[in-house]
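**Q** The Mg(2+) binding site feature in TrEMBL is assigned to Asp191. What TrEMBL lists as domain 'Phosphofructokinase' is 95-400. Look at TrEMBL and you will find 468-489 tagged as region 'Disordered'. According to TrEMBL, the feature site 'Important for substrate specificity' maps to Gly192.
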Amino acid sequence: MTATHDQESCHISVSYTTAPVPHLSHFLSELESFPHPFLLENATSYRPLNTNFISEQDAVINRIVWNKSETPKLILYPRAGPRERIVFAPKKVKAAIVTCGGLCPGLNTVIRELTECLSYQYGVADIFGVLQGYRGFYSKEWIPLTTEKVDNIHKMGGTVLGSSRGGFDLNRIVDSIVQNGVNQVYVIGGDGTVRGAATLSEECRRRKLQVTVASIPKTIDNDIPIIDKSFGFDTAVQEASKAIDAAHTEVSCFPNGVGIVKLMGRNSGFIALHASLSSREVDCCLIPEVPFVIHGRGGLIEYIHKCLIERGKMVLVVAEGAGQEYVRNHHDWIDQLDASGNKKLGDIGHFLYQEIESTFKKQGIEVSMKYIDPTYMIRAVASNASDNIYCTLLAHSAVHGSFAGYTGFTVGPIHGRHAYIPMTEIVTAQKQVDLRDRMWSRLVNSTGQPDFSPRDIPKGFQGPCIYSREEESFETTKTVDKGFPGETP
């Protein structure tokens, strides 16, 4: 590979590997191929130019920025999009769509666009919705999906197919797929759901079934690795910002107002971070990636007191997975798992509410506490314009991939270009906020919050202190009879 910089030509050595996206041809030797319906004379849907078809040689790379002195190791993922040759005769396709796990804005849009793409672009007549998650494959009657039925569902929150956690019985699901003659399965769900879909795809391969399994990764937390973002995230940030604005209005109207807004984010603080940046009314944002101390010198409560002295109010945003070391020790269900296989979380928002209120009360300081948890209001809303467009692209990419013969894959943009990614690669790790990234730096600059992470007391330090944001150091201060260190009489 050759790159040019400042009129000087420099040669960069690049090594790359191709992502092992499973394909039906890997285990079916006599796989037929057919021309894409767009190429047929009687095609009634929009026919793009031939150059709009994606070549099997087109790929999307996992990195676009690297230091010129290094030898980058790149991974190439097949570029998503329609192929000239497909491996299914559209009239013989029977597709099944299922939604699993928690609610997320955009689920109905994905269902709608899968149905419309299958119908309008490929002429598939048999499209079915599986009800109530994975268990619906073997315990519920499926419902036929038509373009008329799904026409307006993108304007609704939730999922018209219903959902559930758990219920994954591999053999019963595959047996149901075989008995019902399904040859394309579209699974919409989070990391636990995708793990199940990967197992499902592998079992179909083991049985040598001409069945493709595609997943559209869904997590409102935006913690899926490799892809740029998950659907529903933009809507979640937009709705979360409204909750923050409401908290700010509340605390602005009462003396010493302290507002706590708890947002989604089990292991990753993306929603809390982006909503805080969007609102610009946040004084402190706590996320799972950053440990923090509550009491003592340089702790959270000391900073809250400082905000009350300076501004008379304070807004705190906390992701649900932050500070679990404090709340989990107060419950006997520690390390228990929920139906999705995730560790149960304690309510960090309620814990901080009580801790802050009781601590100030002991100091003889009256505070007006406000607590907002908009979790289910955010999850249940319809997707906004940005997510509607994004869900459309994801759904269409999934359908194109299945017709091309890919299976055991998920779809998503990598640096703005949609690609096919092995399911196994997105369930091995979770994306988290990079504290070295400029986005976190922007957040800290916006809130002005100090570093609450545990640290040793500086040598030679004596007496109470407050944290100085300007000098990023501790200052010795006078002690008063009531209140916190640093309060002036």
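Residue positions begin at 1 at the first shown residue.
Placed from the backbone N, Cα and C atoms, the Cβ positions cover glycine too.
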**Q** Please give me the CB contact count at 10 A for Gly192 (site 'Important for substrate specificity'), counting all chains in the structure.
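**A** Counting Cβ neighbours of Gly192 (site 'Important for substrate specificity') within 10 Å gives 20.
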**Q** Could you give the mean pLDDT over the domain 'Phosphofructokinase' (95-400), rounded to a whole number?
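**A** Mean model confidence (pLDDT) across the domain 'Phosphofructokinase' (95-400) is 94.
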**Q** In sequence order, what residues of the same chain, 6+ apart, have a Cβ less than 8 Å from the Cβ of the residue listed as 'Mg(2+) binding site'?
**A** Pro217, Thr219, Asp223, Ile224, Ile426, Val427, Gln430
